[in-house]
Amino acid sequence: MFERADALALEDSLVRLRHALHRQPELGLELPRTQQAVLDALAGLPLEIGLGKQLTSVTAVLRGGRPGPAVLLRGDMDALPVQEDSGVPYASEVPGRMHACGHDLHTAALVGAARLLAARREELAGDVVFMFQPGEEGMGGARLMIEEGVLDAAGTRVAAAYALHVTSAMLPAGVATVRPGPVLAASDEVTVRVTGAGGHGSSPHAAKDPVPAVCEMVTALQTMVTRTVDIFDPAVVTVGSLHAGSAGNVIPEHAEFVATVRSFSDEAHARVRSGFERTVRGIAAAHGVAVDIDYRENYPVTVNDPAEAAFALRTARAVFGAGQVFEAPRPMAGSEDFSYVLREVPGAYVGLGACPPGRDPMTAPMNHSAQAVYDDRAVVDAAVLLAELAAGRLQFAAEEPS
Ligand SMILES: [Zn+2]
Ligand SMILES: [Zn+2]
């Protein structure tokens, strides 16, 4: 239904919107300028618009001309606290903030998809919900939008949901990847505080030294992972911060470390969490020190529905050409709050290459880097793919025997 050629007429205005967003990055859940830019860009389209209460989200509903279910397309809109060093002419004008993850591109592409779909809304066999989301980078904006009803914005629960993410490295522009099952990791952050009794370094028997206790914990956690988690359903524990003491001859009262935990299934997540707590508590007991564990579950694992992933793969191949789209062999260890959407409804999360021409995708700076650059052509690629995912999925639903 939609081809890249359809979107080329929109290219200039979408790229202009993307550059304007890139110049004025905003962080977290409060993105008032970005929200206004989206509202301005959607003005005049036949959309039912709703704004977020806990965050500056925009939810827009397009009613198709034929009856059918609703599907959801999501674009995240927030930037990162990074000082831009990319050298692009439309670089951030706000010190210490940058669209280093390409969410400016996602936002402009979702506007493009809304324009493409609105232009052919009489042909659509159902409704489309456009989810413009703040606060992907650690704030769980998707969870808040679900709380505020985005999945039911069309009056009925959406039958499927799609999102994509651009990458400044690894994939050349115009190449897309999809995979069934887990695509991104669950991510937890754990802070462990051990309290003993301070004393003189010459007389540890008269103190309760927390230092050897945390040293054992850090190494035992690695053994715990290999003895607890299936090697074909992996997990990673990394202790990236470790602090204790102030002098070589003083036994401190406290020691503390912070770990990140990544896993790719609910089962591995549960096993590694209980193993983590058991290991740390057991070692603390052995040393006679007290321990406090603050185990924060950030985002759950992002899981593509197998049928929706297969549909997204077919759709991407139809849009970009069969040779430009492949099934990713493995998930990636980053995490993403679209995971909350995919826990509620089936859907797929697609990777889209945006490495500029002339750069080697294998060595180009990655997402979140101050030097990351995303090719403008990906705005059109992403807009067409999103539009076709929605239109194709509604058509597919219309053709299914009931
Ligand atoms: Zn990011
Ligand atoms: Zn991102």
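Here the Cβ of each residue, glycine as well, is placed from N, Cα and C on the backbone.
Listed in TrEMBL:
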| type | residues | note |
| --- | --- | --- |
| BINDING | Cys101, His103, Glu137, His165, His368 | Mn(2+) binding site |
| DOMAIN | 189-279 | domain 'Peptidase M20 dimerisation' |
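Distribution of TrEMBL features across the structure.
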{"residue": "Cys101", "record": "Mn(2+) binding site", "Cβ neighbours (10 Å)": "26"}
{"residue": "His103", "record": "Mn(2+) binding site", "Cβ neighbours (10 Å)": "27"}
{"residue": "Glu137", "record": "Mn(2+) binding site", "Cβ neighbours (10 Å)": "20"}
{"residue": "His165", "record": "Mn(2+) binding site", "Cβ neighbours (10 Å)": "24"}
{"residue": "His368", "record": "Mn(2+) binding site", "Cβ neighbours (10 Å)": "15"}
Contacting binding-site residues, sequence order - Cys101, Glu137, His368 vs ligand 2, Cβ under 6 Å: Cys101
Env. residues of Mn(2+) site, Cβ within 8 Å of mean position of Cys101, His103, Glu137, His165, His368 Cβ: Asp76, Asp78, Leu80, His99, Ala100, Gly102, Glu136, Asn367
Conformational class of His103 (Mn(2+) binding site) under the three-state DSSP mapping: helix
Residue distribution over DSSP helix, strand and coil in the domain 'Peptidase M20 dimerisation' (189-279): 36 helix, 33 strand, 22 coil
Filtered binding-site residues, from Cys101, His103, His165, whose Cβ is under 6 Å from an atom of ligand 1: Cys101
